[in-house]
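Colleague: I have a structure here, written as structure tokens, and I will follow up with some questions on it.
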Amino acid sequence: MGGLMKKNTLILGIESSCDETAASVVKNGNEIISSVVASQIESHKRFGGVVPEIASRHHVEQITLVIEEALKQANVTMDDLDGVAVTEGPGLVGALLIGVNAAKTLAFMHNLPLVGVHHIAGHIYANRFETEFKFPLLSLVVSGGHTELVLMKADNEFEIIGETRDDAAGEAYDKVARTLGLAYPGGVQIDKLAKDGEDTFHFPRAMMDEGSFDFSFSGLKSSFINTLHNLRQRGEEPNPNDMAASFQASVVDVLVSKTIRAAKQYDVKQLLLAGGVAANQGLRERLIQEVKLELPETELIIPPLALCGDNAAMIAAAGTVSFLQGKRSGFDMNANPGLLLEDI
């Protein structure tokens, strides 16, 4: 990428696909100058999940403040920027619209190029702040709405070689946490409890031995809920640490074994972890351990915790790659909640 750069490229990234309103200024696609995230977790906690209408209202309230703060922290004005990148999809349509409209307005007013970004491409490119990419590479993307194995042979070329057939891993975490009476977001709570528990319940590992790289978590979720229900029917209250550890062991086993198998089959130079569930300590530790054992020649890249959840620095990073490839979005760009990674 270095050869393409005549000068420093400064991109403003905007992210509003779910329950974080974020803006960031990034230099050359790999250096964060500022990153501001306004989280809505407290507002959604009492509902046990994200309420789209509440999310949209928060985005409306926060978007201008967040963008202004990102510019202020970076000590730049709109005139210093080379372009504006924004999450175009997938996500909640009402939430996406707020970011897209803000980006279109700013780009139009300041005569700047506009670049639409796929949210998952953003999660993958969050790893660009750690190191340059070496192709071919494989990304394990694990979040509330996505569980995918994505093969890349070049920048901005995505091939999904495995995906969930039902629930995403993060979704299963949240549902299981709710049945245990844990606060939202559930994944973090399960991870904490699992540290002090043992895999005593031996929940099923779905599609573990199949040739495909697809995932399935609905059977595990049902097994967990049924086990908990049956124990409570008998008047027993199971150890929540062991329940959490058993659930997490099942998820991590499947994710890691399929990822290692795919990395071997496609002979990748780098293996990336991406998405909100990339913050999960159990998953991080197990992946590090297995890569050392099974793929000593493969470089494992794990983003810092601050870049696992939704943020705008990752959108600016992915947007910079598209910008330098000459890709532009028109002012007719709209929020696209069903945007496919392979179509970008």
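Just so it is clear, glycine is given a Cβ too, placed from its N, Cα and C backbone atoms.
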Colleague: According to Swiss-Prot, HIS119, HIS123 bind Fe cation; identify which of ASP253, ASP267, ASP310 is listed for that same site.
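Modeller: Record source Swiss-Prot; matching candidate: ASP310.
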Colleague: Based on Swiss-Prot, name the residue from ASN30, ASN75, ASN241, ASN280 that is recorded for the same substrate site as VAL141, VAL142, SER143, GLY144, GLY145, ASP174, GLY187, ASP191.
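Modeller: As annotated by Swiss-Prot, VAL141, VAL142, SER143, GLY144, GLY145, ASP174, GLY187, ASP191 share the substrate site with ASN280, chosen from ASN30, ASN75, ASN241, ASN280.
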Colleague: Once near-sequence residues are set aside, which residues in the chain of HIS119 (Fe cation binding site), 6 or more away, have Cβ atoms under 8 Å from its Cβ?
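Modeller: The list for HIS119 (Fe cation binding site) reads GLU15, SER17, THR87, GLY89, PRO90, GLY91, ASP310, ILE315, LEU339, given in order along the sequence.
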Colleague: Other than its own, how many Cβ atoms are within 10 Å of the Cβ belonging to GLY145 (substrate binding site)?
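Modeller: The answer is 18.
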Colleague: Under DSSP, is SER143 (substrate binding site) part of a helix or a strand, or is it coil?
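Modeller: Where SER143 (substrate binding site) sits, the three-state DSSP reduction gives coil.
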Colleague: Identify all same-chain residues not among HIS119, HIS123, ASP310 whose C-beta atom falls within 8 angstroms of the centroid of the Fe cation site's C-beta atoms; report them in sequence order.
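Modeller: Close Cβ neighbours, site residues excluded: GLU15, SER17, THR87, ILE120, GLY122, SER143, GLY275, GLY276, ASN311, MET314, ILE315.
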Colleague: Cα distance, HIS123 (Fe cation binding site) to VAL141 (substrate binding site), nearest Å?
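Modeller: That comes out at 8 Å between the alpha carbons.
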